[in-house]
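Quick look at what TrEMBL annotates:
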| type | residues | note |
| --- | --- | --- |
| DOMAIN | 42-447 | domain 'Major facilitator superfamily (MFS) profile' |
| TRANSMEM | 40-60 | transmembrane segment |
| TRANSMEM | 80-100 | transmembrane segment |
| TRANSMEM | 107-124 | transmembrane segment |
| TRANSMEM | 130-151 | transmembrane segment |
| TRANSMEM | 172-191 | transmembrane segment |
| TRANSMEM | 203-227 | transmembrane segment |
| TRANSMEM | 263-282 | transmembrane segment |
| TRANSMEM | 302-323 | transmembrane segment |
| TRANSMEM | 332-350 | transmembrane segment |
| TRANSMEM | 356-374 | transmembrane segment |
| TRANSMEM | 395-411 | transmembrane segment |
| TRANSMEM | 423-442 | transmembrane segment |
Amino acid sequence: SAAGMVQQEPAGAPGVAAAGAAAATTATAGAEVRLSRRRWAVVLLFSSYSLCNAFQWIQYSSINNVFVRFYGVSTFAIDWLSMSYMLTYIPLLFPVAWLLDRRGLRFIALAGSALNALGAWVKLGSLKPHLFPITVLGQVICSLAQVFILGMPSRIASVWFGSREVSTACSIAVFGNQLGIAVGFLVPPVLVPNVEDVEKLAYHISIMFFMTAGVATALFILVIIVFKEKPPHPPSRAQALIQSRPTEEYSYMQSILSLLRNANFLLLMVTYGLNAGCFYALSTLLNRMVIHHYPGEEVNAGRIGLTIILSGMVGALLSGIWLDRTKTYKQITLVVYIMSLVGMIAYAFTLSLGHIWVVFVTAGMLGFFMTGYLPLGFEFAAELTYPESEGTSSGLLNVSAQIFGIAFTISQGQIMDCFGTKAGNLFLCSFLFLGTVMTAFIRADLRRQQANLDNEQT
């Protein structure tokens, strides 16, 4: 029934007009696939405000001991400033993923960057020791922004990028978040030295908060100007197929249910959660671990965090490029997982040796694989679950990561207080081992690849 043949649209006309479900495949044949120049600006801008939001996540934990003294609260209270990001994500993921499908990329980008700037300005009202609740409020607003950010990378990559660059684009989008955590480890110990005088301390903290608010506001303005919903033409056959589907066919609940019936995806969801949860716990508690073994080394604790993230970004980029070349999703995911476990064991046993340079080396190795795994998981999920929305699949992965992140952060913190840092790190090792075994059971059912291949053949 080729009744709904689509006329070639004039250049610049948005989207693909399909005249009914039966004509969907015919529609893709008529849709012009073309890459837009704007795609790099979109992904870099997203990466930038994601960076700013991630910086706000870790800026308290990376100088945990300084904020404990300034606000006169417990280390656990400061840990909660970081865990609030994980906590708000869990209930809000589904409403936001639903909004992403209903209102589109531009709306979500505006909401995320606006909340990020608002939270940064609220924190400026918390520059007195008794104003801890205001800082909590600012952090909660930033954590709301994060819900509008985390599920976007694979969607931006799919909507704006061709099939040969989609994994690389996803890596760049995830990159921003990682780089933000890196800056969050590096900058606060430098801007806010551990001085005795509370007035001086407040002044140093205000500089950090003002800079963050300025950057967040500038990025929000750029999003208003630069960020578009989608390119004039679909960038790949798989994307043209999705755009030609009538919207009535798509039900959000159906999408979630079909994902939860997909056994390979469920396995990936748990293994991704275990790996990312370990990473969140490690990042949140890093300052405490390093200061425990190397007192007075706040700045180096930040640099070790930076090393974990930077080597992880190299790992993420290399794995993204490797995926675009080879499409060996299952194999590389398994290898990276095994190496994350090896890195975690090495870190656990070398932390207490008394040589801080050894910690830099093992932390770098751990980061290369553990952080390098994050975009891999997103892309593997998009393959296993095509043609379901990438926002939904990566959202479910993130929920799993946040749940394990909270559980691991609290448990490891308690274990460290009672039995020391090595016991806390071995606790994480045991879960990475479990994740490695489970990853071996995921079947590489690459549906998105199949769709692109089938289309090329037709």
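Here, residue 1 is simply the first one shown, and the rest follow in order.
Note: Cβ is positioned from N, Cα and C throughout, glycine not excepted.
Heads up, TrEMBL stuff is auto-annotated, nobody curated it.
Taking residue pairs at least 6 apart in sequence, the transmembrane segment (263-282) and the transmembrane segment (395-411) share three or more C-beta contacts under 8 angstroms. Fewer than three CB pairs closer than 8 A are found between the transmembrane segment (263-282) and the transmembrane segment (40-60), and contact between the two stretches is not assigned (pairs 6 or more residues apart).
Taken as a whole, the domain 'Major facilitator superfamily (MFS) profile' (42-447) shows an average pLDDT of 88 in this prediction.
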